[in-house]
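For reference, the structure discussed in these notes is given below.
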Amino acid sequence: MSKIVKIIGREIIDSRGNPTVEAEVHLEGGFVGMAAAPSGASTGSREALELRDGDKSRFLGKGVTKAVAAVNGPIAQALIGKDAKDQAGIDKIMIDLDGTENKSKFGANAILAVSLANAKAAAAAKGMPLYEHIAELNGTPGKYSMPVPMMNIINGGEHADNNVDIQEFMIQPVGAKTVKEAIRMGSEVFHHLAKVLKAKGMNTAVGDEGGYAPNLGSNAEALAVIAEAVKAAGYELGKDITLAMDCAASEFYKDGKYVLAGEGNKAFTSEEFTHFLEELTKQYPIVSIEDGLDESDWDGFAYQTKVLGDKIQLVGDDLFVTNTKILKEGIEKGIANSILIKFNQIGSLTETLAAIKMAKDAGYTAVISHRSGETEDATIADLAVGTAAGQIKTGSMSRSDRVAKYNQLIRIEEALGEKAPYNGRKEIKGQA
């Protein structure tokens, strides 16, 4: 009943109006799985390759017809007749057939769409929800938790057209008892933030991930307006709600210095920027910082981990790119203490699960994440619950491409009840 009989690839549109790959995997018995690949804006240099056509006359060169052709051609031919329940086997066939280190022949966008669609089809054939199937693939059947959301309510950097250097300013409703309550708390703060910004005469247009993208006097001012909104919503900052940032520091790393336009084009060394961040953590309850330095600045990261690593969560995104080879090296060198997990950085479900396992085995946390270019596909919600990862980053409280994931978490929590606890602050490295 779980034998693959047909695979279909197609070009669809993501949340930025760019094409992406969607795949359908059809099994005997009429079971179907469908999934779409996301796409990033600030990307790590060692990510698996997202295959684009490069034909400037079509979608400004961003078409994905080559990746779709790979799905409908060689990938489909290789997988028809195979058992969808063998996720590792399915992914290995595609990876071996591609034959490149970074999936550049078929594109990680092609391989990932099929990989996720296959998992959904197999779950359907087994008569179980996707999160339950993922827990079995992960070797942790029946072990679930609801993730603490990191809600990106002010967008800067590559995610917005404003003068804020730091890419994401996030809130974490750690004081909630359930994910549904956490989402309500986040929504209330989001709406109060709009009122705060409007009262200051600031723009309330939103960025790629649904957060506001105002022009602010400094990066610290973003934290100040969020603190004001948290208070206005009736919550206590540091107790009910904590703060997190994604610096995406590679985006403002120039000639060995960190150049912040929002701080008057001031240039910082690795050590100076680490202490700039440290000062912010003293002023505000920031409990997680992602990509606090450039992805290649490993000496700087070692210093940053030494200074901040026993106090807060230091998340590697561009640093580790969901790649077990790079993560292993980081663990050995004591770099950071958490990894951001993005399916499309590595390009298959099996490799994603391997990265989560390696992180957890080393005492690192794993934060499941969306990309800035998303679709209505909500697979990351099931991944977060099915691996009991504990944290999820999926944008703000607006834009259907972000809210789709929150709504899926609400549905899953309703189905699982007490089997999937919401552990709040305990999930964040250094906060237990």
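Cβ from N, Cα, C; glycine included.
The feature region 'Interaction with RNase E' is assigned by Swiss-Prot to 5-34. Confidence over the region 'Interaction with RNase E' (5-34), given as mean pLDDT on the 0 to 100 scale, stands at 98.
Sequence annotations record features per position, and here Swiss-Prot assigns (2R)-2-phosphoglycerate binding site to Ala41, His159, Gln167, Glu168, Glu209, Lys342, Arg371, Ser372, Lys393 based on a large-scale study or a structure entry. Counting every protein chain shown, the number of other Cβ atoms lying within 10 Å of the Cβ of Gln167 ((2R)-2-phosphoglycerate binding site) is 29.
Among the features that Swiss-Prot reports, phosphoenolpyruvate binding site is placed at Ala41, Gln167, Lys342, Arg371, Ser372. Counted within 10 Å of its Cβ, the other Cβ atoms near Ser372 (phosphoenolpyruvate binding site) come to 25, all protein chains included.
Swiss-Prot lists Ser42 with the feature Mg(2+) 2 binding site.
Feature annotation from Swiss-Prot assigns site 'Interaction with RNase E' to Lys120 (among others); the stated evidence is experimental evidence. The Cβ of Lys120 (site 'Interaction with RNase E') lies under 8 Å from the Cβ of Val25, Gly33, Met34, Ala35, Leu130, Thr379, each of which sits 6+ residues away along the same chain.
For Glu209, the entry in Swiss-Prot reads active site, proton donor, with the evidence type experimental evidence. Secondary structure at Glu209 ((2R)-2-phosphoglycerate binding site), taken from DSSP and collapsed to helix, strand or coil, is coil.
If you draw a 10 Å sphere around the CB of Asp246 (Mg(2+) 1 binding site), it holds 28 other CB atoms from the protein chains shown. Taken from Swiss-Prot, the feature Mg(2+) 1 binding site applies to Asp246, Glu290, Asp317, supported by experimental evidence.
The N6-acetyllysine annotation in Swiss-Prot covers Lys257, and the record cites experimental evidence as its basis. Within 10 Å of the Cβ of Lys257 (N6-acetyllysine) there are 16 other Cβ atoms, across all protein chains.
Residues or ranges marked as N6-(2-hydroxyisobutyryl)lysine by Swiss-Prot on the basis of experimental evidence: Lys342. Under 8 Å, Cβ to Cβ, and six or more positions away along its own chain, Lys342 (phosphoenolpyruvate binding site) finds Pro38, Gly40, Asp317, Val321, Thr322, Ser369, His370, Arg371.
Under the DSSP three-state reduction, Lys342 (phosphoenolpyruvate binding site) is assigned to coil, being neither helix nor strand. The active site, proton acceptor annotation in Swiss-Prot covers Lys342.
If you look up Swiss-Prot, you'll see Glu376 (among others) marked as site 'Interaction with RNase E', on the strength of experimental evidence. Counting only residues at least six positions away in the same chain, the Cβ atoms of Ala36, Ser400, Asp401, Ala404 sit under 8 Å from the Cβ of Glu376 (site 'Interaction with RNase E').
The feature site 'Interaction with RNase E' is assigned by Swiss-Prot to Gln408 (among others). Listed in sequence order, Ala378, Ala381, Asp382 are the same-chain residues six or more apart from Gln408 (site 'Interaction with RNase E') with CB atoms under 8 A from its CB.
A 10 Å radius around the C-alpha of Ala41 ((2R)-2-phosphoglycerate binding site) takes in these recorded positions out of Asp246, Lys257, Ser372, in sequence order: Ser372. On its own chain, Lys393 ((2R)-2-phosphoglycerate binding site) has Pro149, Met150, Asn152, Met170, Asp246, Leu340, Val367, Ile368, Ser369, His370 as residues at least 6 apart in sequence with a Cβ closer than 8 Å to its own Cβ.
Summarised by DSSP class, the composition of the region 'Interaction with RNase E' (5-34) is 3 helix, 21 strand, 6 coil. Of the recorded residues, Lys257 (N6-acetyllysine) and Glu209 ((2R)-2-phosphoglycerate binding site) place their C-alpha atoms 27 Å from one another. Cα proximity to Ser372 (phosphoenolpyruvate binding site) (within 10 Å) is found for the following binding-site residues from Gln167, Glu209, Glu290: Glu209.
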